[in-house]
Structures are given as structure tokens and as C-alpha cells.
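Trainee: Input: one structure, supplied below.
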């Protein structure tokens, strides 16, 4: 009887480890559900919106200008941030605030991206902490799940003029 109970416990533990590994791989490589907080991505993503973040794009280096990404915060590695990609390596980007009279520009270094929130007046982004290493990107947001009246793919940036073609 003890042997039977021990066998069942070992099988249960084995299945738990197997399914735990499968779940880890699914969330690490495929994607997951994320609750966004803060005003920096308004009006595209509101505080407490629920989105789906897919992780394959970062593994295959398919992140493009205009994508909204989840990134490990350069200021606080324990938290994630949600921002829009404005520039990829080698791109010329405007590094000044929209209200600045004189505009300053810079080039994104190799292996980095330039990130900004859609709410430029209320966003801590690359204008504050500079270019972000590509390796900090956790995933690309492709779908808004909640609220249901906003369900669907995300709309284009309200700051399209920030994308420079130089």
C-alpha cells in the first residue's frame, strides 16, 4: 500500500514537472496575457487594458517601427514597460520633447531600439533613458483583449510624425 501511494506521488510529481516545463516554454516563447498600467500609451492602450503579447517576433528579430512592445524597464529590471518602437538600429530619431523649440536628433546604436509612449507629455521613455538594448524586449503586443468594446488589433500611432525617414 505504501509502495502504491509512493508510486502515485512520483507519477503526479513527474506530470507536474512536465506540464510546468510545457507552460514555461509556452509563456516564454509563444506569448501571454498582459495587464497594462499607467498613462504613457494613452489613447492606444488605457490603464488596466488587457492585451496579448506574442514573443516569437523578438526571437526572430522581426520587431519593426510602429510595433508596441513589452520591455524590461532600463530603470527598474523588476518591472516591465509598454512602449512603441520609434526607431531601430541605425535610424535617425528626434530625441527632444514635442514642446521643445529646438529639435535635437540622434542615431540609434547597433543592437538597440528607440522607444516612446503614445502619450508624449506623460511618458518616461527613450527621451529620458536613451536607446534600449534589443535584448530587453520581452514581446510584441498584437491584440487588445479587454475591454471587449475595444477588442481587436491595435491602431496606428497618434504620433506618426515622430517616425523619421532619414
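Just so you know, glycine gets a Cβ as well, placed from its N, Cα and C.
Feature list, courtesy of TrEMBL:
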DOMAIN    17-97  domain 'Peptidase S26'
ACT_SITE  40  active site
ACT_SITE  83  active site
DOMAIN    104-146  domain 'Peptidase S26'
Trainee: What same-chain residues, at least 6 away in sequence, bring their CB to under 8 Å of the CB of residue 40 (active site)?
Mentor: 81, 82, 83, 117, 118, 119, 122, 123, 124, 125
Trainee: Taking helix as H, G and I and strand as E and B in DSSP, count the residues of the domain 'Peptidase S26' (17-97) in helix, strand and coil.
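Mentor: Split by secondary structure, the domain 'Peptidase S26' (17-97) comes out as 18 helix, 26 strand, 37 coil.
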Trainee: Taking the Cβ of residue 83 (active site) as centre, how many other Cβ atoms lie within 10 Å?
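Mentor: Step by step: centre on the Cβ of residue 83 (active site), count other Cβ atoms within 10 Å, giving 25.
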Trainee: For the domain 'Peptidase S26' (104-146), what's the model's average pLDDT?
Mentor: 90
Trainee: Which residue counts does DSSP give the domain 'Peptidase S26' (104-146) for helix, strand and coil?
Mentor: 10 helix, 20 strand, 13 coil
